[in-house]
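Record features, source Swiss-Prot:
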BINDING   Gly152, Gly153, Ala154, Gly155, Val156, Gly157, Lys158, Thr159  ATP binding site
Amino acid sequence: MTGKIVQVLGPVIDVDFTDYLPEINEALETTFMFEGKEQKLVLEVAAQLGDNRVRTIAMDMSEGVVRGQEVKATGDSIQVPVGEEVLGRIFNVIGEAIDEAGPVEAKTHWSIHRDPPPFEDQSTKTEVFETGIKVVDLLAPYSKGGKVGLFGGAGVGKTVIIMELINNVAMKHSGYSVFAGVGERTREGNDLYYEMKESNVLDKVALCYGQMSEPPGARNRIALTGLTMAEYFRDEMGLDVLMFIDNIFRFAQSGSEMSALLGRIPSAVGYQPTLSREMGALQERITSTTKGSITSVQAVYVPADDLTDPAPASVFAHLDATTVLNRSIAEKGIYPAVDPLDSTSRMLDPQIIGEEHYNVARGVQQILQKYKDLQDIIAILGMDELSEDDKLVVERARKIEKYLSQPFHVAEVFTGSPGVYVTLEDTIEGFKGLLEGKYDDMNEAAFYMVGNMAEAIAKNDKINAK
């Protein structure tokens with residue numbers, strides 16, 4: 001079951017076998033000397049060219065690979081370690097630990113190419129997944145086993161929200177998380193590791209990195225590596241897992257690079273013709289079964305802010321909720337900078353979340369929308385020109401806006417305020433009181449960066465005492 005390399009075109013390598021034809025997605029291995037060190041390279045079969053020749057995609061840099069070099073067929077697809085042993089470690093696409101903390105002694109290895117759970121095993125019940133973040137739980141609640149898109153530009157706090165969610169899941173649901181860094185910056189991956197170490201959530205999370213500098217094969221398949229680890233926790237251990245993908249756009253982007261390298265005819269905007277199938281194959285595996293669930297949060301980069309671009313458009317079809325981060329909110333110093341009017345959720349339905357929650361959420365959105373409409377008048381004529389009713393709307397809206405902020409556990413290091421987890425009941429109760437005017441006489445500053453309403457009242461008393 002050995003073959004010889006006959007052609008090397010960057011990350012695409014053709015291999016000839018004499019009496020064996022490897023299957024599509026089968027892993028092949030080759031070892032060679034490069035710069036005085038022995039290197040191991042894993043290739044994944046992408047196409048069968050006939051005459052026992054296969055075209056493969058390299059899972060690492062192919063420098064030093066020469067024609068005539070021997071390649072061994074493994075008879076199986078890429079296998080990665082799964083189970084509790086993977087927690088607290090960093091892996092590359094082929095499941096090797098890259099954090100210099102020794103090999104991973106995993107008892108089980110699974111293939112990264114798996115079928116989605118069959119229909120009869122999928123769970124159909126809709127449950128709200130409580131995150132402890134007020135603005136998310138109130139206005140765009142996540143569903144257990146659902147998919148959330150996290151949209152935002154650079155530096156508005158996508159990664160901080162991701163870390164807070166990992167922290168809250170580890171704390172409240174004592175669950176595990178898997179983080180797949182798909183084609184993002186090495187520096188960010190490094191920062192994330194050390195920040196998690198500092199905020200003590202590292203032992204509850206497995207990290208899989210395929211950074212920007214990797215060849216397209218590694219950047220594409222890393223999403224499957226992370227997902228496989230999450231599936232083990234769901235299927236074999238019956239857990240509710242959180243799966244983070246940062247960034248799902250890079251999954252589509254690397255797929256398009258691979259497709260071009262394999263000589264396939266491109267479709268719209270130069271993307272691969274199989275874009276929606278590839279996206280579907282990944283997303284279909286992220287689901288709830290009768291045993292456990294995978295709730296996924298996917299950061300989505302939108303190229304040139306064009307939501308109709310085929311890559312983000314192919315993600316939209318799969319999402320249950322969107323959390324949109326807005327720079328203008330971050331500039332006001334309100335964190336998390338979630339846009340309360342732009343974020344949506346399939347769960348915001350009175351039949352799922354109940355009448356009370358639904359009415360409070362819609363009430364909050366109405367007041368904020370009215371405030372937004374009045375902002376032009378305020379900017380030109382000032383507050384004094386508004387009617388009494390409008391003044392009240394503005395006052396309440398400003399309090400609501402402030403109350404949508406909250407201190408995070410993972411940001412404690414640089415804000416100095418201890419993080420809070422706010423239960424859904426407390427969240428609904430607080431905003432209901434604000435809408436009913438219970439807190440009209442309180443100081444606006446009392447609502448900024450607090451958890452529940454009791455904290456705001458205590459803060460207000462402190463301000464008044466001064």
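Just so it is clear, glycine is given a Cβ too, placed from its N, Cα and C backbone atoms.
Locations of recorded Swiss-Prot features on the structure.
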{"residue": "Gly152", "record": "ATP binding site", "Cβ neighbours (10 Å)": "23"}
{"residue": "Gly153", "record": "ATP binding site", "Cβ neighbours (10 Å)": "13"}
{"residue": "Ala154", "record": "ATP binding site", "Cβ neighbours (10 Å)": "7"}
{"residue": "Gly155", "record": "ATP binding site", "Cβ neighbours (10 Å)": "10"}
{"residue": "Val156", "record": "ATP binding site", "Cβ neighbours (10 Å)": "23"}
{"residue": "Gly157", "record": "ATP binding site", "Cβ neighbours (10 Å)": "21"}
{"residue": "Lys158", "record": "ATP binding site", "Cβ neighbours (10 Å)": "24"}
{"residue": "Thr159", "record": "ATP binding site", "Cβ neighbours (10 Å)": "20"}
| query | Inside 8 A of the center formed by the CB atoms of Gly152, Gly153, Ala154, Gly155, Val156, Gly157, Lys158, Thr159, which other residues of the chain have their CB, for the recorded ATP site? | reply | Leu325, Ala330
| query | Per DSSP, to which secondary structure element type does Lys158 (ATP binding site) belong, with helix, strand and coil as the options? | reply | helix
| query | What three-state class does DSSP give Gly152 (ATP binding site)? | reply | coil
